[in-house]
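Colleague: Quick one: the structure is below, and I'll ask about it shortly.
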């Protein structure tokens, strides 16, 4: 098992400092979120969690190796509060969960040199902790510390439904990549709910959390439509089949709580698990560890797999580092006598 991490990629020496219009002069300390776009561009969500003003910002890098150097970004914008979570909406839209209680939609404009606001809706009563876009791309889900979950119509810029199915703060929502009306949520009430917005009573409780520890992170399996994973406050990761939720595969991965779970784009996906123990682990389909890194010196907050190089995993953290890890992949099997190579 490999545990070493290569040094971050170094921006080319010939690159010139060129801060785009409307971008903040300085990036805040805490890197909260990172998402690759399909073309390999990198989006960062950043917060300032110290000082008199808790502000945040969004940064778009066409060259991910330049992040987090603000002078080499392609576009950037200040937000009025910290960024708790974000996700792409297509190739131009950016959906943001704000510490202010707002759900925000931003969009790249002017040849991707500006990030402009499309809407900002204050309909939650506390920090919006998590957002996800349903597979249709036209609707989104937000979860908040006000214990509420909201469904959004992105084109109409309105919330369609508001649900108080949880009795505790909502920590994660995760849209199914297979069905455009299905998503998961978990909360500090210890419950994981499976949602189908087509149903009169859309939420059903999953009986998969026998440990009693609070679930803290969720992710759908990208290829198996009935399978998801969740992490808990004790550092364990569990694999669940929604058709037989009482039978789960679990592994003690971290010494502290799991904060994020991200699947890779491989045909047999790897799973990245992030934790409050400041480490990241990459797990195979049996939840066995294939890679671990402790390169971050503070909480590691998000991870995103490169769509162009499937062995490249990028993480960000409160130590203001963007680290590009090369994850060892299993070697391809030798071609058999019946194999044909074109």
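Keep in mind that glycine also has a Cβ here, set from the backbone N, Cα and C atoms.
Per Swiss-Prot, phosphothreonine is recorded for 5, and the stated evidence type is a large-scale study or a structure entry. If you look up Swiss-Prot, you'll see 22-75 marked as repeat 'WD 1'. Marked as repeat 'WD 2' by Swiss-Prot: 78-116. Annotation comment: Swiss-Prot describes 123-162 as repeat 'WD 3'. As annotated by Swiss-Prot, repeat 'WD 4' applies to 165-205. The annotation repeat 'WD 5' is assigned in Swiss-Prot to 209-250. According to Swiss-Prot, the repeat 'WD 6' annotation covers 253-293. Per Swiss-Prot, the feature repeat 'WD 7' maps to 295-330.
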Colleague: Would you kindly list the residues that approach the repeat 'WD 6' (253-293) from elsewhere in its chain, counting only those six or more residues past its ends and only Cβ-Cβ distances under 8 Å?
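Modeller: Distal contacts: 1-3, 5, 216-223, 229-237, 239, 299-305, 307, 310, 313, 315, 317, 323, 325, 327-329.
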Colleague: Helix, strand, coil: count each for the residues of the repeat 'WD 1' (22-75), based on DSSP.
Modeller: 6 helix, 20 strand, 28 coil
Colleague: Report the listed stretch (123-162, 165-205, 209-250, 295-330) having the maximum count of Cβ pairs within less than 8 Å of the repeat 'WD 1' (22-75).
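Modeller: Answer, by Cβ pair count: 295-330.
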Colleague: Tally of helix, strand and coil residues over the repeat 'WD 5' (209-250) according to DSSP?
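Modeller: Taking the repeat 'WD 5' (209-250) as a whole: 3 helix, 21 strand, 18 coil.
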Colleague: Taking helix as H, G and I and strand as E and B in DSSP, count the residues of the repeat 'WD 4' (165-205) in helix, strand and coil.
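Modeller: Breakdown, helix to coil: 0 helix, 20 strand, 21 coil.
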